[in-house]
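Working notes for the structure below.
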Amino acid sequence: MQKRAIYPGTFDPITNGHLDIVTRATQMFDHVILAIAASPGKNPMFTLDERVALAQKATAHLSNVEVAGFSDLMANFARDRQANILIRGLRAVADFEYEMQLAHMNRHLMPQLESVFLMPSKEWSFISSSLVKEVARHQGDVTHFLPDNVHQALMNKLK
């Protein structure tokens, strides 16, 4: 039986920290779905289609990764995709409380849905999409934190 996992997030935009998590997940699971949430309430900089395209290009070298957008409940998306594992990244203790709430709610909605928490590599432990966008808005160099295609897209958005 194939182990299918979902790594959900807004990915606005996808960072090297996200790529670190998804790359490591590909070594643990047969198939990883990078699930990009529409998240209209977060007022994303990039459209859902743009975020999907950026992530597809950034993960093209990972043969067992599929990128898909979604706007439904995560538990419903997981059920539809026949995945029973959620991958979540934990950067700091502060992330844990919120992630624990999400894990319990998802498990309530889909009892067989397990959450697996991965810590990013030390190099990426402090970055977030929001922080990268904020630094870039103030002309800070964020090249190191983003895949090349994403960096170019971000610079174009900020022009």
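Using the three backbone atoms N, Cα and C, a Cβ is placed for every residue, glycine included.
Marked as ATP binding site by Swiss-Prot on the basis of sequence analysis: Thr10, Phe11, His18, Gly89, Leu90, Arg91, Glu99, Trp124, Ser125, Phe126, Ile127, Ser128, Ser129, Ser130. Per Swiss-Prot, substrate binding site is recorded for Thr10, Lys42, Met74, Arg88, and the stated evidence type is sequence analysis. Here Swiss-Prot flags His18 as site 'Transition state stabilizer', drawing on sequence analysis.
Recorded features from Swiss-Prot, shown on the structure.
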{"residue": "Thr10", "record": "ATP binding site", "DSSP (3 states)": "coil"}
{"residue": "His18", "record": "ATP binding site", "DSSP (3 states)": "helix"}
{"residue": "Lys42", "record": "substrate binding site", "DSSP (3 states)": "helix"}
{"residue": "Met74", "record": "substrate binding site", "DSSP (3 states)": "helix"}
{"residue": "Arg88", "record": "substrate binding site", "DSSP (3 states)": "strand"}
{"residue": "Glu99", "record": "ATP binding site", "DSSP (3 states)": "helix"}
{"residue": "Ser125", "record": "ATP binding site", "DSSP (3 states)": "coil"}
*Which one of the binding-site residues (Thr10, Ser125, Ser129) has its C-beta surrounded by the most other C-beta atoms within 10 angstroms?*
Ser129
*With Met74 (substrate binding site) as the reference Cα, tell me which of the binding-site residues Leu90, Glu99, Ser125, Ile127 is the closest one.*
Glu99
*Write down the Cα-Cα distance for Lys42 (substrate binding site) and His18 (ATP binding site), rounded and given in Å.*
18
*Look at each of the binding-site residues, His18, Lys42, Arg88, and point out the one with the fewest other Cβ atoms around it within 10 Å.*
Lys42
